[in-house]
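Input: a single structure, listed below in structure tokens.
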Amino acid sequence: MATNWGSLLQDKQQLEELARQAVDRALAEGVLLRTSQEPTSSEVVSYAPFTLFPSLVPSALLEQAYAVQMDFNLLVDAVSQNAAFLEQTLSSTIKQDDFTARLFDIHKQVLKEGIAQTVFLGLNRSDYMFQRSADGSPALKQIEINTISASFGGLASRTPAVHRHVLSVLSKTKEAGKILSNNPSKGLALGIAKAWELYGSPNALVLLIAQEKERNIFDQRAIENELLARNIHVIRRTFEDISEKGSLDQDRRLFVDGQEIAVVYFRDGYMPRQYSLQNWEARLLLERSHAAKCPDIATQLAGTKKVQQELSRPGMLEMLLPGQPEAVARLRATFAGLYSLDVGEEGDQAIAEALAAPSRFVLKPQREGGGNNLYGEEMVQALKQLKDSEERASYILMEKIEPEPFENCLLRPGSPARVVQCISELGIFGVYVRQEKTLVMNKHVGHLLRTKAIEHADGGVAAGVAVLDNPYPV
């Protein structure tokens, strides 16, 4: 895709002035992060990195991503309710991956005891890149679906005003008008509010499981503020707090500091290093409770890379979404090539193909949080080490998506504005709420565009690689 801002990107003096204005507007709008030096304090904050200009995104692909989001919501919900599918799919992974195994153990314990929760809440984000086809046209291909702690809905609600401001300064009012309104934080809060309401206890609270050091607190506060506007109170606690002050009554209702909890919203708990033994015990306590968890443990497992790979097998979508051929077709159209590395002929073939053409593949472990994937020579070395080991079952191979690079100017605290070749990743936020077996809400609630320099193979905004952006539909 050719850039709309080509000539503007060549004028260094104008770029520097625009960058100053854009940064001030970002700060005024609340596009904020705590600093890496003081991640526990809001005394000193900075702007979250962002692009100076919105990046061009084909309208048809944006519409396609929105159109398929409710199908992905249904699919994740269906997977989370299918214990046999999860067990079969993850059977080889849990033998080799301790983290997935610990999550799965909690899942099994809860199933054995009987699931106490009756209201289920999904806040997810499906991420895509635009694959360059043979004829040069871009195609929407899913990278992953995030089913736990899907972030940046709050900050993405505040960036459109920044890019409108930049274009207005340039007297491009018509172009400024094309930047889509976007308010994921409101939509995500609506889902939490619906789950809270269905829980049926007006004095109960929402519990946000937070990290001790949280730079991205303003993203979370945006959702908290939306809930408070509906008179729903949120308390922030760590896993350590829960192990000290959390308890269940005889009906398995959850209490923290003596206050009943209706909804547990996890913004922690998606990486192995976030769990001590004490934290695992706290997670089990939360999982056993009657409160609506976002996500419950089965939904977190539904978001693993291994599940993503198995869903791409012929017949899997039809089995999970019976009688919904249109939804199946929409979902399948977004799938990139995904390959099992389980021990056996199929896995051997996938490894051989990746070693023969490493530039065509990405090696993915069962990890969230960005910056975990292996490419190129790193991938080749890892595959050579793994190919004769059962440990390879804890990874999947994925076709490498090759988007068309474009120029934009990236703004980061402490760094000069720089024009670089970039690629973007589009995320669509989805919300669903289920009571027992009845789906009471299923919607898409906004988008997130993140852009990074092409020299960075992997990593998101939180990992310090990508920056916030907005789609400019073309």
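Even glycines carry a Cβ here, placed using N, Cα and C.
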Residue among SER201, SER415 with Swiss-Prot annotation phosphoserine is SER415
Given that Swiss-Prot records GLU144, ASN146 as binding Mg(2+), the matching residue among GLU353, GLU368, GLU377 is GLU368
For the binding-site residues listed (ARG125, ARG215, LYS400), most other Cβ atoms within 10 Å of the Cβ sits at ARG125
Closest by Cα to SER151 (substrate binding site), out of the binding-site residues GLU144, GLU368, TYR375, LYS400, LYS452, is GLU368
Surrounding the recorded Mg(2+) site, with Cβ no more than 8 Å from the Cβ centroid of GLU144, ASN146, GLU368 and those residues left out, we find ARG125, ASP127, ILE145, THR147, ILE148, ALA150, TYR270, GLY303
DSSP says GLN220 (substrate binding site), in three-state terms, is helix
Rounded Cα distance, in Å, between ASN146 (Mg(2+) binding site) and PRO365 (ATP binding site) is 14
For GLU144 (Mg(2+) binding site), the closest of the recorded positions by C-alpha position, picking from ARG215, GLN220, TYR375, SER415, is TYR375
Students should find that the Cα atoms of ARG215 (substrate binding site) and GLU368 (Mg(2+) binding site) sit apart, in Å rounded to an integer, by 17
